[in-house]
Each structure stands twice: as C-alpha cells, then as structure tokens.
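Only one structure is covered here, and it is reproduced in the block below.
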Amino acid sequence: MGLVRSFALVIVFLSCLIAVYGQGTRIGFYSTTCPNAETIVRTTVASHFGSDPKVAPGLLRMHNHDCFVQGCDGSVLLSGPNSERTAGANVNLHGFEVIDDAKRQLEAACPGVVSCADILALAARDSVSLTNGQSWQVPTGRRDGRVSLASNVNNLPSPSDSLAIQQRKFSAFRLNTRDLVTLVGGGHTIGTAACGFITNRIFNSSGNTADPTMDQTFVPQLQRLCPQNGDGSARVDLDTGSGNTFDTSYFINLSRNRGILQSDHVLWTSPATRSIVQEFMAPRGNFNVQFARSMVKMSNIGVKTGTNGEIRRVCSAVN
C-alpha cells in the first residue's frame, strides 16, 4: 500500500508542477506524432544497461549537466573541439552511445520528430527505474539547442563546493535547498567518483591526516581504494554499499559521516540541510516523491519550445 500511495502522490505532484514549470512541455507530447517514442527510448536504455550498468548513473548525470548549462536543450550532446563535452567537468560523461542509438531508432520510426533533449530527459528517468528507483511521467516537447561551448560549463556544481556555493548555483535556476538535497542525493545514490576528488579529504587534511569530521573507521577503506600514490583515476562508489541501487542509503551514509565528496558531507553537517537528509533517510516514500518533483522542475530549466531551436537529425551535430 505504501508504494501505491507514493506513486499516487508522484502523479498528483506532477500534475501541479507541469502547470507551473511546463514552459510548453507536456506529458504525452508525442502521443500522436510518435506514439512509441517513450517505449523506444526505454527499450534502448534497458538494452544498453543490461551489458553496461554504468550507463544508468551516466545518463542521469549527463541530463543534470545538460540542464545546468544553457538549459535542457541537449547541448551537452554536441561534439566539437570546443563543445561542452570537452570541458573538464564533462570529459568523463558516460552514455552518449545510448542516446545516439535511441535517436537512430526514432529517426527510422518518426523522422524529424523527437528531439535529442527529450531523449536525454526520458533516458534519465528510465535509468532511475532500472536501478530500482520509482518512475515518473516526463513532460516532453523540448527542442534542441544549436550552441555548445566548453566555456559555458563553469557554473556546474563541484565536488568541493560548500553548501553556500551549491545553494547559489541551484538558486540561479530557481531550484531551492530542498531541490538541491534531492537532486544531489538522487545523482549520488548511484554511480562513482574518481579518487582524485577525495584525496585531500582522506590524506591531506590538517596535519597530513584525514578530515577529522569523517567517520574515522571508514577512512582506511577509502585509503585502500584510493592509495595516496595513485594516479587519482580509480573510482569509488558515491553510495558505499549500495552504489548500483537507487535508494535512500546515500542519506543514511551521510548521517554516519560517510559522505564521499565534500559537497555531500556538508549536506549533513549544515543545519540548513540536515533535517532534509533526516527526512529522506526513511525507506522510499518522501524521497522518491520529491525526486520526481525536483527532476521535473530541473528538466524544464531554459527549455526551447515552439519554433526555438531545432529537432536534430543526429544528436552529436546541428542540422
């Protein structure tokens, strides 16, 4: 009954949100022009996920990075010598081949109809459901942008950001502190981080020791996974013990001072966000409902609709 109630709450929330944040997108945008669009995307993501589970956190992260730079217009998908894909924060993005595969199939079924920006938004949702998260309805109708510049990627959230900096970056897109905790938590309950992002926390804090605010019984485990003389490219789960499952254990780890990144850890140590973390520690329920709500809100940042932008024939290049 609890899961049924949670799903019902998601639907109610989304019905309200679409009216507020829709900006021209709507649920079922392709119901007549390409009725199998969402099925094609879902099947494609599932097929790739079966052979490479890393595409799930990769696609979720890619969608977030797309929306935080010029809005959710698929600009992160464009390739080129100075495109967003070449920026330092994006060089390790994973899953472009999934979007390209889905686009090829959609062009065969419905030429020139489904945008790459919508494919990415749908793929992010499907990635969550494939990793045991709750699904939600994604408003569609975005069009694709024509500009992609590495120089525009400067304002993406960083692993070392303080809470104040994270709040400033999120509020620039009308995302509040609750959205921040929700989206960071959802993005980090699956996937990994490079050791280079945590070396200073586990070796080079005050007195050349680990950050004293971390769980000191957890530090040796991280030091074994990320040796001090390593090259920093090895990776560790962002949600220790549950890195492949979309669940609430990320928040439980935060409460145990086991947040991997500094930007994670401050969500627990800061009074402004601790109560939200505590709320989301409960199994499913509130977190899943809020995640769907915040994802819809984020996915409508700066969208192009109507005659703005284009429908790319190939996601990596403008028409």
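In case you wondered, yes, glycine gets a Cβ from its N, Cα and C as well.
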The residue that Swiss-Prot pairs with Cys315 in a disulfide, chosen from Cys116, Cys195, Cys226, is Cys116
Ca(2+) 2 site partner of Asp239, Ser242, Asp247 according to Swiss-Prot, chosen from Thr182, Thr189, Thr192, Thr305, is Thr189
Of the candidates Cys72, Cys110, Cys195, the one Swiss-Prot records in a disulfide with Cys34 is Cys110
If you measure between the CA atoms of Cys34 (disulfide bond) and Gly71 (Ca(2+) 1 binding site) and round to the nearest Å, you get 24
Across the recorded positions (Cys34, Val69, Cys72, Cys195), the Cβ with the fewest other Cβ atoms inside 10 Å is that of Cys34
Counting across all protein chains, other CB atoms within 10 angstroms of the CB of Asn253 (N-linked glycosylation site) number 25
Taking only the CA atoms, the spacing between Cys116 (disulfide bond) and Asp73 (Ca(2+) 1 binding site), expressed in whole angstrom, is 8
Expressed in Å to no decimal places, the gap between the Cα atoms of Cys226 (disulfide bond) and Asp66 (Ca(2+) 1 binding site) is 29
